[in-house]
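Asker: One structure, pasted below without further comment.
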């Protein structure tokens, strides 16, 4: 499932090709995604200029003259830039034409979306309750410490809650907690200020390093240039249950938390 680094990688890959250009056509081949694509967009978008392209959590935001297109990649979605002569594949569900280049959306499992908001996009129902960006100034050790007080849920579940902080998906939660030396099953409310400092630092580091590597490719994800991400080659714990810890050489423990794979070192993480 594309997470924050994959979405950021996509944004950086496609935006230079379309920013400032006008939409010349919107071709919707399959409107039935997680939520139906508004068919009226085919008439509304042509002629509008792409003013800005940004990311909020795992959502891509394309800002035009009269509103904002909100795109989510779902479980298996990807966006890529193609030439007009390149024929669509079976799972390519919509094309946003910008003259001689096309922003093409592919989604085999169809859990993604293309929605439209004419008003303040940050007040959209999908965005207004989101927590701070993990790479932004508002995500601080003090913030994490205060939000975690009296919380009895496991710290891994806590940092994966998008109302606490956005974009820390399962892979990156596993990796960040290992680097910070914190067991994923530790109660969030039991974190000290020093632990919060370490965890914020390592969440930032892991996400930034993944962005630099183009994201993590486990199944369907490819970046905006159609190439896979390479962060998977640097994973320390995720997907390595039973293998030797790269720090202490003891076997990594794998458990299920909220039906998600969780891997950690019982020696290095406290």
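Every residue gets a Cβ built from N, Cα and C, even glycine.
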Asker: Suppose a student reads Swiss-Prot and sees 109, 151 listed for DNA. Which of 17, 72, 91, 194 should they find annotated at that same site?
Answerer: 91
Asker: DNA site residues 91, 109, 151: biggest Cα-Cα distance, Å?
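Answerer: About 42 Å separates the two most distant Cα atoms.
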Asker: On a count of neighbouring CB atoms within 10 A, which of the recorded positions 58, 109, 151, 260 is highest?
Answerer: 58
Asker: For the C-alpha pair, I'd like the distance in angstrom between residue 91 (DNA binding site) and residue 2 (active site, schiff-base intermediate with DNA), rounded off.
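Answerer: Cα of residue 91 (DNA binding site) to Cα of residue 2 (active site, schiff-base intermediate with DNA) measures 17 Å after rounding.
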